[in-house]
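According to TrEMBL, the feature compositional bias 'Basic and acidic residues' maps to B:462-499. Annotation source TrEMBL lists domain 'Oligosaccharyl transferase STT3 N-terminal' at B:22-425. Under the heading domain 'STT3/PglB/AglB core', TrEMBL lists B:578-637. For B:450-499, B:756-778, the entry in TrEMBL reads region 'Disordered'. For B:18-38, B:88-108, B:120-139, B:145-163, B:175-200, B:206-230, B:242-267, B:273-291, B:303-327, B:368-387, B:394-412, B:509-533, the entry in TrEMBL reads transmembrane segment.
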Amino acid sequence: MYNKTIVCVYAQDLLCSLHSAYLATPTNLKIHHYLIFLRSFYFLEHVSYMALVGSFSFNSFLFGVLSCTGTAFLAICLWIQVNKENKKFKDLAPKRAFADFVLSNLVFHLVIMNFFDRCPSPILNVVFMSCKNVV
Amino acid sequence: MAAVESLPPGTPSAMRNAFGTVLSALILVLIGVLAFSIRLFSVIKYESVIHEFDPYFNYRVTQFLSKNGIYEFWNWFDDRTWYPLGRVIGGTVYPGLTLTAGTIWWVLNAINIPLSVETVCVFTAPVFSAFASWATYLLTKEVKGSGAGLAAAALLAMVPSYISRSVAGSYDNEAVAIFALIFTFYLYIKTLNTGSLFYATLNAIAYFYMVCSWGGYTFIINLIPMHVLLCIVTGRYSPRLYIAYAPLVVLGTLLAALVPVVGFNAVLTSEHFASFLVFIIIHVVALVYYIKGILTPKMFKVAVTLVVSIGLVVCLIVVAVLVALVASSPTGGWSGRSLSLLDPTYASKYIPIIASVSEHQPPTWPSYFMDINVLAFLVPAGIIACFSPLSDASSFVVLYIVMSVYFSGVMVRLMLVLAPAACIMSGIALSQAFDVFTGSIKYQLSSKSKDDAEDNTSTKNAPKDDASSGKADKGEEVAKERLSKKGKKKEREPAEKPSVKSKIVKKKALVLPLEASIVALLLLIMLGAFYVIHCVWAAAEAYSAPSIVLTSQSHDGLHVFDDFRESYAWLSHNTDVDDKVASWWDYGYQTTAMANRTVIVDNNTWNNTHIATVGTAMSSPEKAAWEIFNSLDVKYVLVVFGGVIGYPSDDINKFLWMVRIGGGEFPHIKEADYLRDGQYRIDSEATPTMLNCLMYKLCYYRFVETDGKGYDRVRRTEIGKKHFKLTHFEEVFTSHHWMVRIYKLKPQKNRIRGRVKKLKQKTTSGVSSKSVKKNPWM
């Protein structure tokens with residue numbers, strides 16, 4: 001019992017310090033964190049949907065899952081490179097980092113578009129199919 | 001070495017840099033020319049022809065691609081092979097090689113250089129080997145510097161193991177795949193060194209090219225996670241590692257899933273699980289480092305204890321789920337070929353087809369020396385050189401060579417993967433050794449011109465050096481090991497101005513005496529000369545045979561055996577377009593490509609039962625074989641027979657494998673029936689089953705007419721049954737040297753004569769019961 005209370009106290013301290021340390025990060029990084037959190041949330045939602053309903057269209061499952069992970073990790077990479085406290089990346093200009101990010105996202109989305117199976121609205125479906133054929 | 005710095009032009013070091021760069025470029029061009037030309041022996045000695053078996057399939061696919069365009073290629077269903085099943089080419093072929101050659105052909109024709117498809121196919125491999133040596137230069141430059149890079153590139157241009165799979169005419173997947181492999185590794189190391197997302201994207205694209213080209217891409221997707229794990233475990237985690245690895249996994253898996261051959265296997269099979277596992281691990285580690293960065297150490301300890309206790313429970317649940325998933329598949333999720341790599345005895349127990357391919361056998365010790373020659377004992381020196389200093393890149397190269405040595409020990413075919421690693425290591429070793437010796441010579445020469453300022457440093461010639469100068473004459477290997485150890489201990493040798501270096505810095509510099517350095521340099525150059533001589537000999541004599549044309553030297557000159565092409569040409573001119581030809585699966589690709597006839601089984605070996613059917617037919621007596629072939633609509637049967645000229649890779653030598661594979665599916669074929677006392681014989685001591693089977697009869701029909709005695713030159717005996725007639729087959733073609741023999745199935749008689757019919761009616765019950773038992777296809 002005694003140990004448990006100490007652990008609880010420690011846990012509270014931990015959360016407090018995490019909270020305060022987190023508040024100290026500059027705002028532009030917080031945007032990254034928010035986006036990453038959003039994407040992780042969508043990823044979990046997609047996986048649970050598949051677990052419930054079954055993986056009928058494995059293509060679209062893959063597309064959903066991997067697009068979430070992909071954009072999430074790419075944002076992480078950008079975050080790593082932009083973070084001012086990261087000494088190893090001091091000589092990498094933020095503009096170059098962002099340009100890399102844009103390029104990799106472009107390639108990533110070109111690739112992931114090939115996994116489109118179908119789309120709810122028929123008009124959008126036609127648009128996406130024609131895009132896919134072009135690509 | 002040739003580091004590019006922003007120096008004002010005209011200064012001596014800038015001039016030297018410029019000169020170094022130009023010289024490196026010139027050397028690289030020469031290396032490319034060397035790599036290209038050493039592979040041209042087969043074109044010079046024979047002709048510009050496609051070799052062996054697999055390249056004929058790739059050639060046929062490239063022909064189709066060039067004629068019909070890429071959409072037809074993706075949707076191609078080939079009905080001229082694996083009759084009556086057919087084969088979905090678009091979905092079962094690794095398209096990298098054919099697309100590459102097709103693109104080259106298309107580009108050349110668009111700029112009005114009218115090369116034929118065959119020329120492009122024949123010369124694709126040498127061109128890409130030049131690219132591969134340039135990629136090796138880039139890779140080794142990232143690890144150790146451009147001197148090592150040049151040495152490694154020169155070694156790779158000539159290494160016999162790589163030559164064997166990329167001569168002019170060997171139009172096979174490995175020709176482009178090795179280039180893709182080295183290039184992917186180069187981009188990975190470059191990303192690791194610079195931490196730039198741009199190179200990470202390029203890395204993923206290069207990995208995609210590798211997946212398109214060869215099934216060996218699983219080596220990359222398992223080696224890189226292993227290296228990441230190694231870095232994490234040894235405490236070398238850094239953000240660059242994350243950037244190098246995470247984009248590769250996600251983008252790479254996506255791109256791999258786009259290739260139709262791989263498809264969903266990219267996420268479902270065990271070969272890729274390692275990458276996902278390490279992906280999760282690296283995220284956990286990254287998170288841990290991040291939290292460590294924003295918390296005080298005391299808080300961090302608390303966090304660790306909390307997380308570990310909760311996390312362990314979650315981990316156990318996840319692992320249990322994963323194990324259940326994996327155990328539900330009989331092979332644990334691995335494919336047959338990968339499993340036979342991990343467990344070398346697996347194939348011989350369960351999949352005789354994989355075990356029967358000669359390329360899948362373990363290599364013998366001499367084949368190591370034949371294939372990588374001098375590099376075999378330069379590699380340990382290179383490994384030691386990599387450890388001083390140990391960086392991410394050099395740890396990767398060490399891991400690469402250790403893994404490739406293991407896998408090359410399992411399968412001869414994977415010696416090819418060992419070759420680049422061995423070249424990189426040896427390049428590093430050679431370059432370090434050269435550095436040490438030339439530095440010593442320079443220092444000694446310059447210190448002889450300057451007298452006393454270096455009194456202190458000259459006494460640093462440790463007593464070990466006298467011993468080494470004595471031993472340097474003994475043997476190259478001994479000298480190499482000792483001197484490379486010295487290279488490890490010694491720091492960067494004094495280069496330009498002796499008067500500048502302080503005595504404190506150079507206290508540790510162990511300089512070798514002048515004579516020892518010169519002798520060792522000469523020995524190293526001789527070593528290189530031996531290597532070159534061996535490589536050129538191997539390329540000219542051992543690995544340039546196209547195996548579709550055979551030659552032999554005899555007292556009356558050179559004999560050329562062109563029987564294969566003669567028989568395929570006969571087939572294409574003297575049979576109908578829709579006739580089906582049955583042969584053993586070795587010759588399937590060649591038959592469809594050169595004779596343009598439909599075959600029953602070919603080298604793709606994807607359907608074991610179909611191959612077993614053909615194997616059973618070859619092992620059965622004539623009537624049963626006729627029935628099997630008739631049910632498959634076969635018109636012609638082709639066998640390869642080497643007894644007249646002594647060609648050892650003929651069908652009689654492969655026959656036991658036919659029996660084993662057939663017996664694996666149809667239990668009435670038993671291998672023991674064909675062996676007399678456990679020995680495989682075809683002479684008078686052979687078993688009656690052997691003497692009556694179709695293969696024996698088709699090979700030795702009328703054989704006794706050649707020399708009167710029926711002496712088989714390959715088996716070195718006279719054959720058992722010499723005079724016999726064929727009842728269900730008729731011979732239609734035998735090539736010039738009796739190497740290929742083609743038989744036609746006799747059509748069934750229209751009427752059965754009266755008396756025979758009455759007899760048959762009387763014994764209907766007996767006959768029918770016998771036929772029901774004997775015919776396994778009902």
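Note that Cβ sites are derived from N, Cα and C of the backbone, with glycine treated the same way.
The average pLDDT for the domain 'STT3/PglB/AglB core' (B:578-637) in the predicted structure is 90. Counted over residue pairs separated by six or more positions, the transmembrane segment (B:509-533) shares at least 3 Cβ pairs under 8 angstroms with the transmembrane segment (B:368-387), which defines the two as touching. Helix, strand and coil counts from DSSP across the domain 'STT3/PglB/AglB core' (B:578-637) read 33 helix, 7 strand, 20 coil.
Contact between the transmembrane segment (B:368-387) and the transmembrane segment (B:145-163) holds: at least three of their C-beta pairs are under 8 Å, each pair 6 or more apart in sequence. Segment contact is absent for the transmembrane segment (B:88-108) and the transmembrane segment (B:303-327), given fewer than three CB pairs below 8 angstroms at sequence separation of 6 or more.
When Cβ-Cβ distances below 8 Å are used as the criterion, the transmembrane segment (B:206-230) is approached by residues 94-97, 99-100, 173-174, 176-177, 180-181, 183-185, 187-188, 241, 244-245, 248-249, 252, 255-256, 258-259, 262, 271-272, 274-275, 277-279, 281-282, 337-338, 395-396, 399-400, 403, 407, 414, 417 of the same chain, each at least six residues removed from its ends.
Within its own chain, the transmembrane segment (B:120-139) is flanked in space by residues 28, 31-33, 35-37, 39-40, 43, 48-50, 55, 58-59, 62, 97, 100-101, 104-105, 108, 146, 149-150, 152-154, 156-157, 162-163, 165-172, 175-176, 178-179, 182-183, 185-186, 189-190, 420, 423-424, 427, which lie at least six positions past its ends and keep a Cβ under 8 Å from the stretch. Nonlocal intrachain contacts for the transmembrane segment (B:18-38), taken as residues 6+ away from its ends with a CB within less than 8 angstroms of a stretch CB, comprise 1-2, 4, 9, 126-127, 129-134, 137, 146, 150, 153-154, 156-158, 163, 535-536, 539.
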